[in-house]
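Annotated Ni(2+) binding site per TrEMBL: 2, in sequence order. Residues or ranges marked as Zn(2+) binding site by TrEMBL: 73, 76, 89, 92.
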Ligand SMILES: [Zn+2]
């Protein structure tokens, strides 16, 4: 499952950060998911909890937020931020949008103690 692979890397990042800081526990992990990231938010959070078992992040609270993607309209040249799909150009209403980025997943914040 794709989400589980992502979750395992999230937990590995959190554990590595905790070890570097000499912490005993990861208390919180905050993720940013691009609008186009191929991961279901709820599934990913659930997988994080599974992947965190028997790690420093076993009791951590996992949170994820969606980030908008950038788009460039092929019809009128407008650049826009797209927060949901399907999307239309906010200027001309066209659907000829080229999306840029938005498929990233990043760990934005880790709480340790
Ligand atoms: Zn347009």
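Glycine too: its Cβ is placed from the backbone N, Cα and C atoms.
Structure with TrEMBL features highlighted.
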| residue | record | contacts (Cβ under 8 Å, 6+ apart) |
| --- | --- | --- |
| 2 | Ni(2+) binding site | 38, 39 |
| 73 | Zn(2+) binding site | 79, 80, 89, 91, 92, 94, 96, 97, 98 |
| 76 | Zn(2+) binding site | 89, 91, 92, 94 |
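Counting other C-beta atoms within 10 Å of each candidate's C-beta, the binding-site residues 89, 92 are led by 89. In the three-state DSSP scheme, residue 92 (Zn(2+) binding site) is classed as coil. Residues 74, 75, 77, 78, 90, 91, 93, 94, 96, 97 surround the recorded Zn(2+) site, their Cβ atoms falling within 8 Å of the Cβ centroid of 73, 76, 89, 92, which are themselves excluded.
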